[in-house]
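J.: Please see the structure below; I have some questions.
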């Protein structure tokens with residue numbers, strides 16, 4: 001969003017969303033003013049002129065770790081708030097050679113986890129280990145054996161406050177026996193859950209640097225946690241295209257299109273892999289001639305893969321076009337060696 005507010009204590013211009021966060025930080029919040037509605041003193045205008053976003057970014061973002069997630073205006077409140085507090089309140093990125101909590105190699109603490117079957121959130125102990133390359137969780141704090149051992153390399157983590165129903169809600173997605181498994185978490189402290197998120201990213205990057213020693217940070221960063229490209233409801237039919245269309249929740253995580261009966265299901269009911277166009281993958285509007293569409297949603301999509309076609313319907317034409325744009329964007333991207341390996345795994349399973 002356009003920066004329509006200014007912080008007279010920092011000398012930076014900010015958007016209306018961030019202005020509310022700035023006002024809640026005692027040290028800097030007293031002098032947040034609207035550029036069009038507030039009265040500005042001459043010395044305040046002069047202060048803004050002498051400083052500005054570029055100079056303050058150089059000061060307050062001098063040592064941001066490469067793995068630290070820099071939120072945009074599209075990200076949720078907790079990510080934006082903790083980024084602002086880390087910069088201006090805690091001044092985490094202004095000191096050289098600072099030791100960040102995200103780089104300790106291990107992290108051990110309690111998080112609220114949603115039960116797979118009953119939907120209740122209960123306190124569980126989580127342990128992140130860079131040396132082992134794992135994230136473990138335990139039913140009880142003093143339990144000797146973990147309930148699950150998750151390979152950090154297979155983890156995706158994305159904030160999902162609306163889906164989880166908590167402003168600090170974090171979704172952990174990983175592969176278990178080539179099937180997608182979801183864990184839904186939150187912590188009452190926004191700082192704590194964002195610290196966990198960035199600690200996971202730090203461990204992932206360090207392990208990638210060992211695995212790919214000549215790769216640059218720019219090449220490795222896309223392999224860290226990422227937001228889902230799109231989520232939402234569509235209707236789908238079965239492989240033979242003779243079954244009725246059923247409403248499902250879909251998640252597009254780069255090349256993996258997963259579908260669930262409910263958005264908070266622990267396991268995906270099924271998945272589709274979206275490879276490159278040259279490998280025989282395509283996505284187009286409409287359904288094959290003769291397809292019996294029994295549902296209320298009439299805006300069809302056909303995804304063709306080397307093994308089979310997937311048929312979906314969307315509620316509106318706008319949704320159909322948006323899904324198609326994302327599908328084709330992915331299909332037009334060349335595949336990496338790791339993605340060819342993932343494609344082979346999908347073909348063996350499905």
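Each residue, glycine too, has its Cβ placed from N, Cα and C.
Relevant sequence annotations retrieved from TrEMBL are reproduced here:
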DOMAIN    1-101  domain 'Arf-GAP'
DOMAIN    104-205  domain 'PH'
DOMAIN    227-332  domain 'PH'
J.: Looking only at the domain 'PH' (227-332), what are its DSSP counts of helix, strand and coil residues?
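T.: Secondary-structure composition of the domain 'PH' (227-332): 18 helix, 41 strand, 47 coil.
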J.: Note the mean pLDDT of the domain 'PH' (227-332), expressed as a whole number.
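T.: Across the residues of the domain 'PH' (227-332) the model's pLDDT averages 92 on the 0 to 100 scale.
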J.: Using DSSP, tally how many residues of the domain 'PH' (104-205) sit in helix, strand and coil.
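T.: The breakdown for the domain 'PH' (104-205) reads 23 helix, 46 strand, 33 coil.
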J.: How do the residues of the domain 'Arf-GAP' (1-101) split into helix, strand and coil according to DSSP?
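T.: Reading the DSSP string over the domain 'Arf-GAP' (1-101) gives 42 helix, 9 strand, 50 coil.
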